[in-house]
Amino acid sequence: MPCARLASCWGGRVLPLLLAYVCYLLLGATVFQLLEKQAEAQSRDQFQVEKLRFLENYTCLDQRALEQFVQVIMEAWVKGVNPKGNSTNPSNWDFGSSFFFAGTVVTTIGYGNLSPSTEAGQVFCVFYALVGIPLNVVFLNHLGTGLRAHLATLERWEDQPRRSQLLQVLGLALFLILGTLVVLIFPPMAFSRVEGWSFGEGFYFAFITLSTIGFGDYVVGTDPSKRYISVYRSLAAVWILLGLAWLALVLSLGPLLLHRCSQLWLNGRGLNLKDRTAPDPQGLPRPQKMPISA
């Protein structure tokens with residue numbers, strides 16, 4: 001019996017979901033390859049052309065010396081040192097940047113542009129993540145639950161008049177829209193202004209960050225040519241935590257809002273049908289119109 005139930009569950013639910021999952025991955029791989037492979041080849045060719053041009057302008061260098069210099073640049077980049085600028089660039093490990101890094105660790109974003117380079121820092125990062133990631137999950141769950149507790153009246157709305165139900169749904173929709181503007185629209189506008197990005201790039205950074213994908217191609221506070229306020233990256237870390245909590249709340253209340261809207265629509269249709277078939281006020285059925293035959 002247990003084997004039969006397991007086979008039935010695998011064939012009825014798990015297998016179709018697995019096939020859909022694999023097909024979705026294959027679709028993503030195909031689309032990304034079509035969109036990005038040609039651009040990558042162009043960038044690679046352009047880089048080789050620039051290296052040859054550099055060697056032609058500086059004949060004292062040979063190919064091997066240039067490759068060694070490029071290797072030094074790559075190692076510096078991996079360790080979080082921006083090759084642009086000079087030694088006066090802001091530190092990646094001041095308190096504000098360290099606070100931002102700690103936030104990316106516990107939220108599992110991990111941009112990849114900065115990581116501990118010392119053995120002690122790597123060991124501490126492991127144990128810090130082991131405690132911080134569960135703590136972050138518990139914090140976000142409790143924060144989302146606390147926010148939803150203020151909207152508990154929606155759970156008991158069946159006993160309320162239809163007008164009150166409609167006002168509550170509109171209020172919830174307005175609350176979610178305004179919160180989304182505060183979390184997903186206004187911060188990208190601020191990041192775009194400070195970092196010199198377009199709004200599309202700022203929104204892309206916000207989504208990639210709050211979805212915890214964290215590619216690392218766009219990171220705030222890393223341009224050495226700009227002068228940031230000391231708490232800039234700390235404020236970005238606070239925005240990340242609040243944004244993750246907001247997304248958890250939206251994922252929780254979004255289906256509830258859609259369910260309430262569908263109930264209101266169905267109830268409205270039911271009232272309209274009742275009005276069409278309602279009896280005469282004196283208790284007699286309304287006369288039906290008879291078609292006039294030719």
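Any Cβ shown, glycine's included, is placed from N, Cα and C.
All TrEMBL annotations are machine predictions without curation.
Here is what TrEMBL says about this protein:
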TRANSMEM  14-35  transmembrane segment
CARBOHYD  Asn86  N-linked glycosylation site
DOMAIN    87-145  domain 'Potassium channel'
TRANSMEM  93-114  transmembrane segment
TRANSMEM  120-140  transmembrane segment
TRANSMEM  166-190  transmembrane segment
DOMAIN    174-252  domain 'Potassium channel'
TRANSMEM  202-220  transmembrane segment
TRANSMEM  232-258  transmembrane segment
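Residues belonging to the domain 'Potassium channel' (87-145) score a mean pLDDT of 85 in the model. Across the domain 'Potassium channel' (174-252), DSSP helix (H, G, I), strand (E, B) and coil residues number 55 helix, 0 strand, 24 coil. Secondary structure of the domain 'Potassium channel' (87-145) per DSSP (helix as H, G, I; strand as E, B; remaining residues coil): 39 helix, 0 strand, 20 coil.
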